[in-house]
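Chemist: Below are the structure tokens for one structure; questions will follow.
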Amino acid sequence: MAELWEDVLRDKLAIQEAALVAVDAALLEGVLMRTEREPNASDVVNYAPFTLLPSAVPSALFEQAYAVQQDFNLLVDAVSQNKEFLEHTLASTIKVDDFTARLFRIHMQVLEEGLAQSVFLGINRSDYMFDCGVDGTPALKQIEINTIAASFGGLTSRTVAVHGRVLKVLGKSKEASRLLPNNPSKGLALGIAKAWELYGSQTAVVMFLVEEVQRNIFDQRCVENELWNRNIRVIRKRFRDVFEKGSLDDARRLYMDGQEVAVVYYREGYVPKNYDQQNWEARLLLERSRAVKCPDIATQLAGTKKVQQELSRPGTLERLLPGRAEAVARIRATFAGLYSLDMGEEGDKIAATAIADPDRFVLKPQREGGGNNLYGEELRQVLEKIRDSPERTSYILMDKIKPQPARNYLLRAHSPLQVSECISELGIFGVYVRQGTEMVMNKAAGHLLRTKAIEHADGGVAAGVAVLDTPYLV
């Protein structure tokens, strides 16, 4: 098969001109990040890294990814409500993974006290790669589902215009017109706005819970602006602000600086380094409140790798989604091979297989945020070290997905312009709102394509490895 943009890739002069246009277009459109040197200041910013050219995505797989998103929304919501399933699934993990254990303890404490929250908002992103099988036919395979702080819905809403401009400059107006519109920030804001409305207080605010270091602020501002446009007040606070100034009244309504909070949207709190003792106390306060948490702690636990692995066991989906055979079939079709490393014969066997043939697998800890997975020789060394220890149960094994690389230019500030062999990862944003037992909203809210050079095994845009991209359907 001829490579997409093959003619363009041969014309070095045209590429150089297009790259200059691309960078200016990115700045014009607001595809921005703060700099590493000044991560909390907006007086010096740069463009977020992105591909020069849109990347080919098989249209059938793109449609499949969209078609299954509502099913995944229902599944995440079902897992979050199933105390027994979470307890059973995470039993071995919480013995050896302190972070998951602490989240789980808060979950149990809140359930024992009785949930004050009656409206539930889920914003997730299901990530896939295109696995080239033995016969070369690409198949959609899920990498993971992110149930907390799924990012880049804002910036990816703005990259389509950049890639459209680049294609026009390269004399490809017809191709430019085929790029799909994409605005996840609007879809995410619709979900937050619906949850705010159902909370039932016109004067209450939406609180973005943000990190101490905020390089990716513009991505969040895209969603925030959509809420301001609907006359919904937004405040931005950190865990330490909640610890110092957050309080609950007798009805467990949450107040920050005297303002009632309707929705807490987490863009923080997904990795151990986000927490010290004060932050854990702040998290407990938030979870005990009546405010709509996005996600509540049960939904965060539903996104762990251990849950992902357990969902792939025969019969599990059927138990969680009874009477939804078609949804179960759509979900299962996206699963790659996933394997438990629990202590016992099954875990022993798969550990030995992976040590003997490490290039077949990826070793995944219970962590979000990119850059955590282990491959190849490193995977073998770690597994050999922990093969007889309960520590291995804090990981899962997954079949390594092997996509077909394609050439592209990855544009990064202060980096030379050079062609790279690249692979892409497609994410679909999902949004749902449940009030009591009634699902009020359930939709796919847009997509995110990220691309990286093949020499990088792992890592996303925020981790500094992948760059933003736009799908060109083929």
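Keep in mind that glycine also has a Cβ here, set from the backbone N, Cα and C atoms.
Note that the structure is a prediction, hence the values are computed from the model and not measured.
Found this in TrEMBL, in case it helps:
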type    : residues                                                         : note
BINDING : ARG125, 148-151, 214-216, GLN220, 267-270, ARG450, 461-462       : substrate binding site
BINDING : GLU144, ASN146, GLU368                                           : Mg(2+) binding site
BINDING : GLU144, LYS305, 364-373, TYR375, 398-401, GLU425, LYS452, ASP458 : ATP binding site
DOMAIN  : 204-302                                                          : domain 'Glutathione synthase substrate-binding'
Chemist: Identify which of the binding-site residues TYR270, TYR375 has its Cβ surrounded by the largest number of other Cβ atoms within 10 Å, counting every protein chain shown.
Modeler: TYR270
Chemist: Can you tell me the CA-to-CA distance separating ARG125 (substrate binding site) and LYS400 (ATP binding site), as a whole number of Å?
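Modeler: Counting only the Cα atoms, the answer is 20 Å.
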Chemist: Based on Cα distances to GLN220 (substrate binding site), point out the closest of the binding-site residues PRO365, GLU368, TYR375, LYS400, LYS452.
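Modeler: The smallest Cα gap between GLN220 (substrate binding site) and any of the binding-site residues is with GLU368.
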Chemist: Write out the long-range same-chain contacts of ASN146 (Mg(2+) binding site), meaning residues 6 or more apart in sequence whose Cβ is under 8 Å from its Cβ.
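Modeler: Residues satisfying the criterion: ASN124, ARG125, SER126, ASP127, GLY303, GLU368, GLY427.
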Chemist: Could you put numbers on the helix, strand and coil content of the domain 'Glutathione synthase substrate-binding' (204-302), residue by residue per DSSP?
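Modeler: Here the numbers are 40 helix, 26 strand, 33 coil.
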Chemist: Within a 10 Å radius around the Cβ, which one of these binding-site residues has the most neighbouring Cβ atoms: GLU144, GLU268, LYS452?
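Modeler: Neighbour-count leader: LYS452.
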Chemist: In sequence order, which same-chain residues at least six apart have a C-beta under 8 angstroms from PRO365 (ATP binding site)?
Modeler: ASP97, LYS305, ASN372, ASN373, SER394, TYR395
Chemist: Considering only the binding-site residues GLU144, TYR375, LYS400, LYS452, which residue has the minimal Cα-Cα separation from GLU268 (substrate binding site)?
Modeler: GLU144
Chemist: Tell me, how many other CB atoms lie within 10 A of the CB of ARG215 (substrate binding site), whichever protein chain they belong to?
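Modeler: A 10 Å sphere around the Cβ of ARG215 (substrate binding site) contains 17 other Cβ atoms.
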Chemist: Indicate the candidate from SER151, GLN220 with the smallest number of other Cβ atoms within 10 Å of its Cβ, considering only these binding-site residues.
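Modeler: Across SER151, GLN220, these binding-site residues, the one with fewest Cβ atoms within 10 Å is SER151.
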Chemist: Roughly how many Å separate the Cα of SER151 (substrate binding site) from that of LYS452 (ATP binding site), to the nearest whole number?
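Modeler: Cα-Cα, rounded: 17 Å.
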Chemist: Near ALA149 (substrate binding site), which residues of its chain come within a Cβ-Cβ distance under 8 Å, counting only those 6 or more away in sequence?
Modeler: TYR266, ARG267, GLU268, GLY269, TYR270, GLU368
Chemist: Determine, using Cα-Cα distances only, which of these binding-site residues is closest to TYR375 (ATP binding site): GLU144, ARG215, VAL461.
Modeler: GLU144
Chemist: Just to be sure I understand: of GLU144, LYS400, LYS452, which binding-site residues have a C-alpha no more than 10 angstroms from the C-alpha of VAL461 (substrate binding site)?
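Modeler: Checking each Cα against VAL461 (substrate binding site), the hits are LYS452.
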Chemist: Among the binding-site residues ARG125, LYS400, which residue has its Cβ surrounded by the fewest other Cβ atoms within 10 Å?
Modeler: LYS400
Chemist: What is the one among the binding-site residues GLU368, VAL461 whose Cβ has the most other Cβ atoms less than or equal to 10 Å away?
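Modeler: The residue with the most neighbouring Cβ atoms within 10 Å is VAL461.
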